[in-house]
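Novice: Summarising the annotation, Swiss-Prot assigns GTP binding site to 17-23, SER35, 39-40, GLY66, 121-122, ASP124, 151-152 and lists similarity to another entry as the type of evidence. Sequence annotations record features per position, and here Swiss-Prot assigns S-geranylgeranyl cysteine to CYS210, CYS212. What Swiss-Prot lists as cysteine methyl ester is CYS212, and the listing cites similarity to another entry. Annotation comment: Swiss-Prot describes 192-212 as region 'Disordered'. The motif 'Switch 2' annotation in Swiss-Prot covers 63-80.
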Amino acid sequence: MAKQYDVLFRLLLIGDSGVGKTCLLCRFTDNEFHSSHISTIGVDFKMKTIEVDGIKVRIQIWDTAGQERYQTITKQYYRRAQGIFLVYDISSERSYQHIMKWVSDVDEYAPEGVQKILIGNKADEEQKRQVGREQGQQLAREYGMDFYETSACTNLNIKESFTRLTELVLQAHRKELEGLRTRANHELALAELEEDEGKPEGPANSSKTCWC
């Protein structure tokens, strides 16, 4: 039976409550958009497999609550992330200003070398815009991040941003990938995904390894 994936790793979506993190997740994984969502309580996640440069990548994408009362819970997930989206709402200057706080949390709790992308979401709401595209680009440059404006509503830059963060994580693990490319059946000797943290889409495959 063909392998379902070659590597597995974890991405996080962080940012203020209401910036559209859950909508981004649902659009990418299920190609669905709902204009209203119940605020995430603690954390939730979905899975998706994509192929990048011939590597089948299984991505575990965690959607974290933005409310302050859940911060102690959500920060526990930073330390095992390989990639993080920092999300603000272009129609909310407040959410943009809070990116500095989210970056500080990443610096404190996430592993060194974690890959990051800045997202200005709800780009379809141009008439409500409070944060210019140039502001997002400038902030991303200050923190050394790639930047995308996205819209889960219109599907703008959803695939592109998730694919790019996946590429960045793979590039950061190029040594492991060199072994993977030269020995197609070799499985990376890395920590196994903890099955008790959620319910993947299908039965767990005990032979798979991950970068979590």
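The count begins at 1 with the first shown residue.
Note that Cβ sites are derived from N, Cα and C of the backbone, with glycine treated the same way.
Explain the structural surroundings of these features, please.
Specialist: VAL19 (GTP binding site) falls within neither a helix nor a strand when secondary structure is assigned with DSSP, and so counts as coil.
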Novice: Tell me, by DSSP, whether SER151 (GTP binding site) is helix, strand or coil?
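Specialist: It is in a strand.
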Novice: At 10 angstroms around each C-beta, which of the binding-site residues LYS21, LYS122 has the fewest other C-beta atoms nearby?
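Specialist: Comparing Cβ neighbours within 10 Å for the binding-site residues LYS21, LYS122, LYS122 has the fewest.
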